[in-house]
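Worksheet for the structure shown next.
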């Protein structure tokens, strides 16, 4: 262990502007000052020793004049002083003065004040000198019988530490602590004693647990947690003990402490794969999610449930708990609800889908009754998508779901209404038996639709699937109702002119008597010349869309009118009725064309919309069989092809996902019989407690051995040259929210380098946690220095700096070696993610930062280039493989990723292969990146620029 890594128990801030006191003045204050002066002097002595000063002349002064004082502040400071002061001579022998200190320790261990006793015992845990501890052992033992629990629990800790470091001083410690544990009543004392037995003498700990296994539920939560840890470790090391302790774990699932329940459930899952055990653990997790108020806890426990689901055998057990899992939806947090719905959808089966749909329908109705909120709208979207997926997987449920969801087509939130419309479109195409019901409900809500986008979709569905005369007539009636009085231009001009006519003045509310200051009545008019503005008038929806200049809906309406008119002609034999219906449809199109080229709309009609409406007029005037087939057959086939491709893509992704799951046991694996297995072979699973401890300490072992390129050596950055007096290289270890730089510093000179300091600075969203300590390097010596850097976002970060040092015996200024810059790889923080096309488009429209990267590569194949970019940026391609397959000379794809900080990154790849330049021509085009923050967009662009120049492998 290097000097920089030595454990430091006490950190004291030193004011930089204060002048260090002299040893003489300190000695004078310690000898002759009052208690306050001695306290201040002792503080200064402690700070100076921490800064490297020796001050050997003050040791005896402190023993003579400060140690006998009974002031509690002095006693606290003395504990710090004795911890840091050198206690041995250079040759390792104990200083003679420490015998006097040892006597003071003994007196403090017998002090009537329990705080002084307890803090002294805690201090003894830090002592590494057996000669100091040996005379104190009787006093430490006596503290086990003190009346106050604070003293007893610290006595246990002291005995445990001394036994671990110097077993010969107290060889009977396990037996002593076992006897203490049997008679002890205080929970914290029992916890410390039991913890010691676990690590010092596990057999005694098990014996004690066996005697009180039925009373475990009555213990305090801190002791219960230690018991869970012991059972896990014992059963992990010796699986034959599982039957002995599994009942205890079952009992601890009923503990009043959430932490104990969580640990017990996790332990139960690792100890047993029996359905009853899995069900009990899952039920415990669900209760924790519902009862805990902290959303982070809910998400962590939900992840444990999702992990359980990944196991095929456990998945069947969890399917019976779907309704219990849905109770979690009572949580208002959107992320928790999202994970819960996804989990429920993964677990739903034909046995419980009906109950699931009932619950989700109730939740949808609830969202309509609560006050509008951004999360409410998003939650409604999640519910709609879940019901959509249920209906596709279980067609029998669609009839129950459709009537409830179609009410939301008139919702003011366009995103939720769009999800409903997408579901209705798929349902009406897939389920022939539901078409009448859907058309009927669509006609009911048609007039109330507020969004033009939803209106267009509803028009398309009605035009495509109205197959009876009555339905077709109903559609025409609804369109006329939604369009209002025609011709539109004339009626609008009349309204404009009517606003200026005095005779059309309208009466306002009841007249009140108004009295002036003079006491006379004021004159009032019962008429008002002001009329409501256009925006205040209640316009029919379609008329409103057209007057606002949105003529794309008019083109959609023209197509719908053409479809239903052609269908009406085929259904009705009477020529007069045929002509009447077709003429009405053509009149509506003509009046819309007239409106588009006149002044009332805010924006004129576009040429594309004019062409579309004119084409529909021409089709209706001719009524050819070819046009009839195109409008009434091929349009529907296009939708059918799209839905089939979508379903196939979903099945393919599900298949890939299932293939990713690691197979626990291969068919040809040998069967392991427990009785025939050597004890050391049973530890097949990793110790979860050890893994969590390593993760907390930042020492998580990554599985890098399988990939040689992912080894630590691949992440070593050279910071200086081989010819520099100090050579340095760094290993950049990236954790989730911080970076650890492990810097190797080598003195390549024949001089001793003093105060060798690594000075670092950061650029970007990085923050240096602490300044590395100075070192002294002998000739040709080396040392490791560690520096922690906090990361707050995925912005590209740079760490730069230098190494400064003094040469021993030289009179020159400090020497400096400038280090190479360390660039932090953004890819360590970006993870592939998925989202729907609608979400992608919405984010693309919302995100304001765009970075356009020009393709500059020597890769000649479009698909190879796309795969190279995906690998380099760690993004996921959202465009289906079928859409990318084949060769046509150009390619467009959407990519998506999320950072661990919750930032979204979108990219659109638009590339082509210039045919005129021959088969060996490189790919050209550009990549557009969008993100909410500038840092993400620029960082991802830089990464693509760096990586695309590499040759495709």
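Including glycine, each Cβ sits where the backbone N, Cα and C put it.
Features reported for this protein in Swiss-Prot:
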type	residues	note
MOD_RES	2	N-acetylthreonine
MOD_RES	494	N6-acetyllysine
REPEAT	96-131	repeat 'HEAT 1'
REPEAT	132-168	repeat 'HEAT 2'
REPEAT	240-276	repeat 'HEAT 3'
REPEAT	277-314	repeat 'HEAT 4'
REPEAT	316-353	repeat 'HEAT 5'
REPEAT	396-433	repeat 'HEAT 6'
Please work out the mean pLDDT for the residues of the repeat 'HEAT 5' (316-353).
90
Quick test of the contact rule: Cβ under 8 Å, at least six residues beyond the ends. What residues does that give for the repeat 'HEAT 5' (316-353)?
275, 278-279, 282-283, 286, 289-290, 295, 298-299, 302-303, 305-306, 308-309, 359-360, 363, 375, 378-379, 382-383, 386, 389-390, 393-394, 397
Over the span of the repeat 'HEAT 5' (316-353), count residues by DSSP class, listing helix, strand and coil in order.
28 helix, 0 strand, 10 coil
Any residues 6+ beyond the ends of the repeat 'HEAT 4' (277-314) with a Cβ under 8 Å from its own?
246, 250, 253, 258, 261-262, 264-266, 268-269, 271, 320-321, 324-325, 327-328, 330-331, 333, 335-336, 339-340, 343, 346-347, 661, 664
Cβ contacts under 8 Å made by the repeat 'HEAT 6' (396-433) with residues that lie 6+ beyond its boundaries:
353-354, 357, 361, 364-365, 368, 372, 377, 380-381, 384-385, 387-388, 390, 439, 441-442, 444-445, 448-451, 453-454, 457-458, 460-461, 465, 636, 639-640, 643, 838, 842
Which sequence positions outside the repeat 'HEAT 2' (132-168), separated from its termini by at least 6 residues, show Cβ-Cβ distances below 8 Å to it?
87, 94, 98, 101-102, 105-106, 109-110, 114-115, 117-119, 121-122, 124-125, 174, 176-177, 180, 184, 186, 188-189, 192-193, 195-196, 199-200
Going by DSSP, is the residue listed as 'N6-acetyllysine' part of a helix, a strand, or coil?
helix
